[in-house]
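Structure first, commentary second.
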Amino acid sequence: MSRRVLLINGPNLNLLGKREPHIYGSTTLEDIETQARQQAHELGVEIDTFQSNHEGAIVDRIQETAGWGPNVRETDTPGKRVSAIIINAGALTHTSVAVRDALAAVAIPFVELHVSNVHARETFRAHSYLSDKAVAVICGMGAYGYSAAIEFAAKHLKIEGE
């Protein structure tokens with residue numbers, strides 16, 4: 001399997017750069033994805049990006065990483081399979097057992113990511129359904145958190161792959 005990472009962004013992250021810039025900054029998701037592709041290329045890693053405001057679509061995409069899911073046929077090539085997942089699940093972090101279960105089912109190492117420091121915000125944001133299953137959690141680093149997650153994933157994959 002090639003060193004491929006899937007970057008998932010959940011609900012409202014398509015509004016980065018517009019929504020509450022005093023919390024989330026002015027960098028857009030498009031900017032983040034462009035930077036992610038460039039950085040991944042420099043690190044010798046392929047990266048796929050996916051954003052959805054819909055929980056089921058995110059669950060489907062996670063399942064596809066293992067060759068499963070409603071949109072995968074037995075004749076499909078494993079083109080959507082990955083070695084690691086970086087996920088900013090947005091509000092689904094605090095509510096979605098379905099996303100947690102999908103990540104646990106595929107058993108692919110994942111990094112949980114948040115642009116803001118969720119522990120310095122409303123109390124409900126401090127609880128994550130994902131953290132105890134993640135190999136790493138990054139929060140409060142703004143858009144730079146994506147770069148840190150990609151670097152970590154690339155190094156983790158290199159260690160695992162050698």
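Glycine residues also receive a Cβ, built from the backbone N, Cα and C atoms like all the rest.
Quantities reported herein were computed from a predicted structural model and do not represent experimental measurements.
Same-site candidate for substrate binding, as annotated by Swiss-Prot with ASN88, ASP101, VAL115, SER116, ARG125, chosen from HIS94, HIS156: HIS94.
The closest partner of HIS114 (active site, proton donor) among the recorded positions, by CA position, is ASN88; the full candidate set was TYR24, ASN88, HIS94, ARG125. When secondary structure is read from DSSP and collapsed to three states, ASP101 (substrate binding site) falls in the helix class. Here the Cα atom of ASN88 (substrate binding site) is found 13 Å from that of TYR24 (active site, proton acceptor).
Same-chain residues at least 6 positions away in sequence with a Cβ under 8 Å from that of SER116 (substrate binding site) are, in sequence order, ILE23, TYR24, CYS139, GLY140, GLY142. Applying an 8 A CB threshold to same-chain residues 6+ apart, the list for ARG19 (site 'Transition state stabilizer') reads ASN12.
The DSSP secondary structure for HIS94 (substrate binding site) is helix.
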